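Engineer: Here it is: the structure, laid out below.
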Amino acid sequence: MKALILVGGYGTRLRPLTLSIPKPLVDFCNKPILLHQVEALASAGVDHVILAVSYMSQMLEKEMKAQEQRLGIRISMSHEEEPLGTAGPLALARDLLSETAEPFFVLNSDVICDFPFQAMVQFHRHHGQEGSILVTKVEEPSKYGVVVCEADTGRIHRFVEKPQVFVSNKINAGMYILSPAVLQRIQLQPTSIEKEIFPVMAKEGQLYAMELQGFWMDIGQPKDFLTGMCLFLQSLRQKQPEQLCSGPGIVGNVLVDPSARIGKNCSIGPNVSLGPGVVVEDGVCIRRCTVLRDARIRSHSWLESCIVCWRCRVGQWVRMENVTVLGEDVIVNDELYLNGASVLPHKSIGESVPEPGIIM
């Protein structure tokens, strides 16, 4: 079985992280976002993953080729010369996707969840039509485009953009199974599958919705990245608690790479991910943060709701909070306060940032 993952975007919402590497390779809970998806696909029996690439495609190709042998699957690149939206890439990869008559997966690369791929295959085969969409329930449907479908069968009737009166609380979760017949509906041009292809399929009775059980998050921007981390760590607590850290100073759900080092009298957690080579010195407090490879947090600093990127250096007695994001190789000098700062890569911060803003 095949899968196509849409990884061609610039990742602008997740800057400054994506100024250094493409978004699919950003570590989420100590593993590239894309690898969470590819490993789940391989476990579900997918043997050929096609990546619809454009931005920093060489870096993506190098990393994924290294994973091919480990996972025992084929990984191909489909290169976009111009942005093709969310449907155009399917037309571009038509020859690969139609090598067999089997249905195939299509995934947005921003999504993290429990990935119920085997259940999706069974659901798609059961209804026997052209397309299946994974949907998830949300608390405030007026913020989203919602999916209106039959409760018992899942057949989709229509899509409603940001409804002001309640019609549904189910939204598109960004994962689909499509039969090869869908490829005949798509031209090789910039096209939205959500706005141009799916509504037509729904009118013809060819589109069904399967409801996702468990957590789901679009982690395409920093605040949602951190929320997604919290949900993922809670899922680990329930399913693979042995992967989480425990011991003195560890509070709640904390994921620590074996090569990371934590000093004395620290308070780490809840909801913290520390990557490879990270050093946390004595007396540091970290809550609801992700700290990426080879970063160093010096003694007695306090971090809450932050993303600290590769090789950053945070000084002593620093306080950072409110979705502060440090790009790659940023230095924060001692005794500073950063409130909601977004700092571009390779900067040295010498004064406090009391109000949220971008530090160029």
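From the backbone N, Cα and C atoms, a Cβ is placed for every residue, glycine too.
What Swiss-Prot shows for this protein is this:
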{"type": "ACT_SITE", "residues": "Lys162", "note": "active site"}
{"type": "BINDING", "residues": "Asp110, Asp218", "note": "GDP-alpha-D-mannose binding site"}
{"type": "BINDING", "residues": "Asp110, Asp218", "note": "Mg(2+) binding site"}
{"type": "REGION", "residues": "2-222", "note": "region 'Substrate-binding domain'"}
{"type": "REGION", "residues": "245-360", "note": "region 'Hexapeptide repeat domain'"}
Engineer: What Cα-Cα separation, expressed in whole Å, is found between the residue listed as 'active site' and Asp110 (GDP-alpha-D-mannose binding site)?
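Structural biologist: With distance taken Cα to Cα, Asp110 (GDP-alpha-D-mannose binding site) is 21 Å from the residue listed as 'active site'.
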Engineer: Sort out the sequence-distant neighbours of Asp110 (GDP-alpha-D-mannose binding site) for me: same chain, 6+ apart, CB within less than 8 Å of its CB, listed by position.
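Structural biologist: Non-local contacts for Asp110 (GDP-alpha-D-mannose binding site): Lys23, Ile33, Gly174, Asp218, Ile219, Gly220.
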Engineer: Would you list the DSSP helix, strand and coil counts for the residues of the region 'Hexapeptide repeat domain' (245-360)?
Structural biologist: 0 helix, 49 strand, 67 coil
Engineer: I'd like the Cβ neighbour count for the residue listed as 'active site', meaning other Cβ atoms within 10 Å of its Cβ, all protein chains included.
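Structural biologist: Cβ-Cβ neighbours of the residue listed as 'active site' within 10 Å number 10.
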Engineer: Around the Cβ of Asp218 (GDP-alpha-D-mannose binding site), how many other Cβ atoms lie within 10 Å? Please give the count over every shown protein chain.
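Structural biologist: 19, counting other Cβ atoms within 10 Å of Asp218 (GDP-alpha-D-mannose binding site).
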